Amino acid sequence: MGKFLATLILFFQFCPLILGDYSPSCCTLTIGVSSYHSKPCNPAQPVCSWTLDLLALSADQALQPPCPNLVSYSSYHATYSLYLFPHWIKKPNRNGGGYYSASYSDPCSLKCPYLGCQSWTCPYTGAVSSPYWKFQQDVNFTQEVSRLNINLHFSKCGFPFSLLVDAPGYDPIWFLNTEPSQLPPTAPPLLPHSNLDHILEPSIPWKSKLLTLVQLTLQSTNYTCIVCIDRASLSTWHVLYSPNVSVPSSSSTPLLYPSLALPAPHLTLPFNWTHCFDPQIQAIVSSPCHNSLILPPFSLSPVPTLGSRSRRAVPVAVWLVSALAMGAGVAGGITGSMSLASGKSLLHEVDKDISQLTQAIVKNHKNLLKIAQYAAQNRRGLDLLFWEQGGLCKALQEQCCFLNITNSHVSILQERPPLENRVLTGWGLNWDLGLSQWAREALQTGITLVALLLLVILAGPCILRQLRHLPSRVRYPHYSLINPESSL
């Protein structure tokens with residue numbers, strides 16, 4: 001009896017710890033080698049929420065696809081709508097019918113290989129009637145281009161489901177598994193809502209290693225650069241490995257396929273190598289060879305210098321430019337006035353020559369008319385002499401000739417206005433105003449000078465300020481810390 005009571009007391013003492021350690025506090029979504037924790041959820045708080053990026057999910061699934069020869073859809077397009085297909089571990093009986101809605105289809109069972117499908121048909125084994133998920137109660141999601149928000153009821157956590165994009169001819173499928181789990185005691189490194197401890201924490205905390213590398217980088221640049229870390233998925237991370245350490249020939253499981261792997265035979269780290277990299281398959285494997293280090297892409301950028309407070313303009317430069325502009329305007333006005341005066345005199349001389357030519361042509365025309373009258377008079381006299389033979393033309397047995405002189409062109413030439421009135425010598429406006437020629441030209445010159453002065457006052461300070469800040473706007477090149485062509 002005493003042993004039973006002691007056992008019962010120990011059970012009640014450790015029961016809260018056991019229940020607290022294994023009671024689920026969230027739902028973990030797994031795709032490829034990456035996992036994403038939902039916001040805290042449990043039977044009392046049954047809504048489990050995720051905020052995901054479809055491009056990152058595609059990169060994670062490419063590391064460990066659910067089916068061989070998967071035809072992936074790399075460039076996600078905004079015009080393609082997203083659909084959700086729940087899956088079940090045990091395929092239910094098919095009795096026909098099933099739940100159907102615009103953003104949700106009937107549950108299907110995963111079947112390889114993918115063949116490509118559209119959203120309104122079940123892509124694998126066809127629709128089933130029971131069990132099914134209700135779209136609003138069990139699962140719902142919102143989509144903004146490649147950003148996805150999923151809300152899943154806690155009772156459905158533990159079942160896999162897939163996301164489908166309506167793109168005929170492709171299989172843009174993301175196959176996701178869910179299981180109840182506990183939130184990690186500390187925040188995951190770098191990637192939010194992702195449990196990467198099984199890859200990044202083989203020995204000492206991985207975050208301290210990254211901080212040590214950042215500190216060494218800052219010291220090497222004498223704290224003149226900024227270290228920028230790219231918060232991306234594991235598929236875009238880099239690996240430094242030592243080719244001097246051999247990899248065991250025993251079979252091992254690939255854990256990560258990095259986007260860049262660089263050999264570093266002469267690199268000395270402040271700590272030991274943490275992972276095992278196999279150069280033959282270009283992947284991080286599970287063997288404990290410790291010849292590599294995983295790190296995210298990070299780059300160096302120069303520290304921007306603080307510039308002095310910019311003034312509106314330099315007064316000396318403004319007045320200097322204004323004086324130069326005014327001098328140029330005065331010189332241009334005087335030159336223009338002189339050219340206008342010389343042009344006026346030239347037009348006057350040309351007009352005099354034209355009038356003299358016109359008078360000469362008119363006199364010649366009048367003389368020609370008199371000659372024509374004399375010829376007509378002689379013709380009439382000869383016709384009277386040869387009246388008996390039938391006239392002069394019949395007596396000569398020739399065709400009669402007549403003189404036709406027109407006066408229209410000479411009339412048009414006399415009616416032409418003076419050349420000075422037909423040629424524009426100013427701005428093409430009526431600047432008469434009852435003033436003399438020099439007064440009109442002086443008025444035009446003054447208006448030109450005022451317009452130039454206003455233009456310099458308005459645009460001069462802006463142009464000078466832009467010229468002063470032009471050297472400080474030269475961009476510095478972006479240097480990557482990991483350069484494939486550099487010798488580490």
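Quick reminder: no glycine exception, Cβ is built from N, Cα and C everywhere.
Noted in Swiss-Prot for the protein shown:
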CARBOHYD  N140  N-linked glycosylation site
CARBOHYD  N222  N-linked glycosylation site
CARBOHYD  N244  N-linked glycosylation site
CARBOHYD  N272  N-linked glycosylation site
CARBOHYD  N404  N-linked glycosylation site
LIPID     C462  S-palmitoyl cysteine
REGION    376-392  region 'Immunosuppression'
MOTIF     225-228  motif 'CXXC'
MOTIF     393-401  motif 'CX6CC'
TOPO_DOM  464-488  topological domain 'Cytoplasmic'
TRANSMEM  443-463  transmembrane segment
Residue distribution over DSSP helix, strand and coil in the region 'Immunosuppression' (376-392):
11 helix, 0 strand, 6 coil
N140, N222 as glycosylation sites, winner by CB count within 10 A:
N140
Quick one: what's DSSP say for N244 (N-linked glycosylation site), helix, strand or coil?
coil
Neighbour tally for N244 (N-linked glycosylation site), based on other Cβ positions within 10 Å of its Cβ:
10
Cβ-Cβ neighbours of the residue listed as 'S-palmitoyl cysteine' (radius 10 Å):
11
Using a 10 Å radius around its CB, how many other CB atoms surround N272 (N-linked glycosylation site)?
10
In whole Å, how far is N272 (N-linked glycosylation site) from N140 (N-linked glycosylation site) when you measure between their Cα atoms?
47
Coarse DSSP state, helix versus strand versus coil, of N140 (N-linked glycosylation site):
strand
Between the Cα atoms of the residue listed as 'S-palmitoyl cysteine' and N244 (N-linked glycosylation site), what distance do you get, rounded to the nearest Å?
62
Take every residue in the region 'Immunosuppression' (376-392), average their pLDDT values, and give the whole-number result.
80
Would you list the DSSP helix, strand and coil counts for the residues of the motif 'CX6CC' (393-401)?
4 helix, 0 strand, 5 coil
Between N272 (N-linked glycosylation site) and N244 (N-linked glycosylation site), find the distance joining the two CA atoms and give it rounded to the nearest Å.
14
For the motif 'CXXC' (225-228), give the DSSP counts of helix residues, strand residues and coil residues.
0 helix, 4 strand, 0 coil
Quick one: Cα separation, N222 (N-linked glycosylation site) versus N244 (N-linked glycosylation site), in Å?
31
